[in-house]
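Here is what TrEMBL says about this protein:
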DOMAIN    1-13  domain 'C2H2-type'
DOMAIN    14-41  domain 'C2H2-type'
DOMAIN    42-69  domain 'C2H2-type'
DOMAIN    70-97  domain 'C2H2-type'
DOMAIN    98-118  domain 'C2H2-type'
Amino acid sequence: LKTHSRTHTGEKPFKCKQCPLAFAKSSHLHSHNRTHTCEKPFKCMQCPKSFALNCYLQSHSRRHTAEKPFKCDQCPKAFALNCYLQSHSRTHTAEKPFKCDQCPKAFARNSYLRRHYQKCQQCPQAFAQNSNL
């Protein structure tokens, strides 16, 4: 119940020590941590590739079949994963839900926000610009 209530409160108590991301579930943080450790336990059955997250494997597997079941209702594009469709949909709405906590910038994709952050080489602190390091 407590975990479910976080979907309503937006509470994200599980914070990544490597980047500014935080999660409502500890399992999501655990999965996310693999992106930093390069651990890739999800292996493709059709080729030698492996992935940190199962959703990455699912997306990759569709490359072998060219399946793109998630179709945009605004344009002809289609995607292998629903999360890719949701991300793409923001190009039609100009929504930018991923906000930098160091500056006023906001981004349509979480990956763009992560790229925006620069990490200090001396400590785990993250900054929005190299000049702040």
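Any Cβ shown, glycine's included, is placed from N, Cα and C.
In TrEMBL, annotation is done automatically, which means it is predicted and not curated.
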(message) What does the DSSP secondary structure composition of the domain 'C2H2-type' (98-118) look like, as residue counts for helix, strand and coil?
(response) 7 helix, 5 strand, 9 coil
(request) Give the residue counts of the domain 'C2H2-type' (1-13) per reduced DSSP state, in the order helix, strand, coil. (result) 8 helix, 0 strand, 5 coil
(request) By DSSP assignment, list the helix, strand and coil residue numbers for the domain 'C2H2-type' (42-69), in that order. (result) 12 helix, 4 strand, 12 coil
(message) Per DSSP, what is the helix/strand/coil residue tally across the domain 'C2H2-type' (70-97)?
(response) 12 helix, 4 strand, 12 coil
(request) Determine how many residues of the domain 'C2H2-type' (14-41) DSSP places in helix, in strand and in coil. (result) 12 helix, 4 strand, 12 coil
(request) Pop the mean pLDDT for the domain 'C2H2-type' (70-97) in here, whole number is fine. (result) 90
